[in-house]
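These notes concern the structure reproduced below.
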Amino acid sequence: MTTQAKRFEELDADKKTTEQEKTTDEGLYFEKKTADGKTILTEDMAPECIGTAFPAWKKWLIAAVVANVQLSMNFNASVYNNSVAGVSEEFQVSEYVAKLGQCLFLVAYAFGCELWAPWSEEFGRKPILQASLLLVNIFDIGAARAPNIGTMLSMRFLGGLSSAGGSVTLGMVADLWGPDTQQYGLGFIVWSSVAGSVMGPLLGGFIEQFAGPGPAWRWVFYVQLIWGVFAQLTHLCIPETRSSIMLDKEAKRRRKEAAKAGKDLNIWGPNEVIQRRLEFKEVLVIWSRPFEMLCREPIVLFCSALRKSRFTVRKKC
């Protein structure tokens, strides 16, 4: 069950929804209404307004931008190993302590992806991924300018916790392709994730040898920052793909057009009829959902274990 479906289930008693079969020239669909008579715009009523209706070139353009975000975030995770020697020398700590920057990032990254993902279903993929990229870039600056090992390790931990790419980007694939064709977009995004991890050690060696002025290890973070800013700017240029957000926008557009024609149109977006309750309990429910799936869904557990082993081998934490 999707987050949006759960939200409809959890509507207040005075906001229960009802469904009624409707038939048009385009086929059968269910009209959903609230108890106070508001008609909810659904994907069946406006299939041309959601991400799956985008032309192929637009889907792949969005996928390319999303792949660059994945490349950036996984490069961020893997290139750190090339800074270990420099960090150890400058801060007078052992290489084992310096390598904590890698371990802390990965541990935080594992939780960060799951903490960010549910919010992208509530507020849209674009604002959540933009917030994530902004925070990662800020913490890259902090790591690059760190005056001591404690600051640098803290920045790495917070940078990992701020990384949403591993989960939100895959959600965007589901927004753009249906179940029968998702494998192509999914394969492309997964490839970019693996490629980003491979590029870290390859480019990191050149950074370690030739970067300057200043300590080469700081340039490891500056290069991460440059790539991260580029990824954020390109991502800013693509549209929202979350269907509920797109339907909200379409419902507002239809009401506005009807108002210009002197009509009162009773059509509302999925989120417009739901009263947002960002109380502590609601936040806890949203954040706990991925971990609930981890415990209750065997396929999620086994896929997570597989990915964990891949990260362990690849990052050599």
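Residue positions begin at 1 at the first shown residue.
Glycine residues also receive a Cβ, built from the backbone N, Cα and C atoms like all the rest.
Here the structure is a predicted model, which means the values were calculated and not measured.
These come from TrEMBL:
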type	residues	note
REGION	1-23	region 'Disordered'
DOMAIN	62-317	domain 'Major facilitator superfamily (MFS) profile'
TRANSMEM	184-207	transmembrane segment
TRANSMEM	219-238	transmembrane segment
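Residues of the same chain lying 6 or more positions beyond the ends of the transmembrane segment (184-207) and with a Cβ under 8 Å from any Cβ of it are 59, 63, 66-68, 70-83, 166, 169-170, 173, 176-177, 216, 219-220, 223, 314-315.
When pLDDT is averaged over the domain 'Major facilitator superfamily (MFS) profile' (62-317), the result is 86.
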